[in-house]
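The structure appears below as structure tokens.
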């Protein structure tokens, strides 16, 4: 279908199609048009995202410094995984802020470079969330304590190696996948196959896996509550609530709000998605540093 030479004119309750040529015509109607956000909400969401990312970057830097300085924190497997997750997330935030500027602000080569690194660090963040999920599952659900050789090497290959491999394959197939065709320097949607295979597919798979792991881990954390419920009492300790929130943040469960931003619920879930995800790095600092007695005592 081609809309060349066609123009849609909307006035009051009448929609008029104007054409500057005489050929065969067809009208395509969308019975469920997309709910477009008002401009004012788009501006508010943009400011929320920028401010949240800036706050997150401060929180991530403080978390990286804290866990890098003290061996009692980075000596543990969970501390090393958290460090890698924070580094990936910090780099993702930096490249996101660069990529969110108008592509016309940069030259073509710079915009492509930003798009490549944003794709890489986004995948790395998701992969380290998956590594975190596997670690939590083994520690809290299966209580898997068998010694594993080259433990961190294997996880670094998964967390950094797989994203590098995916991005390298996209680059090898066609550099045009990263060429700017919008106001945003990022992987182009002009090639749906590359876009869905190299980004949407892995992201959905990881988020589904992490959501399942979150439910399993949350049940373990809140298990005393279920036992108390059977005895007729209903008390949940602050530590249990903090534990559940920490797991939710580390596994990126808040990212699920993005796909839920559709139809009438689009505005609400867009706000939830922007607020919770832009502040994800800061919340990691709060729950893993400020609320962590071991981290506080280390200082």
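Just so it is clear, glycine is given a Cβ too, placed from its N, Cα and C backbone atoms.
Features of the protein shown, as given by TrEMBL:
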- 1-35: domain 'GAIN-B' (DOMAIN)
- 45-292: domain 'G-protein coupled receptors family 2 profile 2' (DOMAIN)
- 47-69: transmembrane segment (TRANSMEM)
- 81-99: transmembrane segment (TRANSMEM)
- 105-131: transmembrane segment (TRANSMEM)
- 152-173: transmembrane segment (TRANSMEM)
- 193-222: transmembrane segment (TRANSMEM)
- 243-262: transmembrane segment (TRANSMEM)
- 268-291: transmembrane segment (TRANSMEM)
Tertiary contacts of the transmembrane segment (193-222), as residues 6+ beyond its ends and Cβ separation under 8 Å: 119, 122-123, 126-127, 129-130, 133-134, 136-137, 140-141, 166-167, 169-170, 173-174, 177, 187, 236, 240, 243-244, 247-248, 251-253, 255-256
Close approaches to the transmembrane segment (47-69) from elsewhere in its chain (Cβ under 8 angstroms; 6 or more beyond its ends): 79, 82-83, 86-87, 89-90, 93-94, 96-97, 100, 271, 274-275, 277-286, 288-289, 295, 298-299
